[in-house]
């Protein structure tokens, strides 16, 4: 009897996840980065029960994690004994601040999504997507500084995640 019950529960969970993959696939097909969208949303445990707005909130949350992680990464580089150049420290601080601002803008977008102010949510995500450009430009101001490859990868990641979130918002009923 217990085995039959466990089988039934497992079958129901499988059907729930399988059924909700359709919304994720349909949502991600309307984005520029289908694979990023699908794998990100599929990996979040709340996505099977989310509606389209919920999927947008999940993507914004992933972007916030990226921005916060990058800000922390830059702060740790700032404190590293290997970072002995005053100019590099100044640029790393500026970059850490920019990624922190990106995180703040993304947090604001979650509130706007909650209030169904989709245009403002979109605006905050656009701002968050642009903050890494200020960081990249800070490195360009000093020709002797090299823009770190890891930071370039993180910048690209945040921009792509923001693009996905904005595409999902574009398809919400405004």
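Yeah, the Cβs are placed from backbone N, Cα and C, and that goes for glycine too.
Since the structure is predicted, the reported quantities are computational estimates derived from the model, not experimental observations.
What TrEMBL records for 19-168 is domain 'Pectinesterase inhibitor'. Confidence across the domain 'Pectinesterase inhibitor' (19-168), taken as the mean pLDDT and rounded to a whole number, stands at 95.
TrEMBL lists 1-19 with the feature signal peptide.
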Is it possible to list how many residues within the domain 'Pectinesterase inhibitor' (19-168) are helical, extended or coil according to DSSP? 123 helix, 0 strand, 27 coil
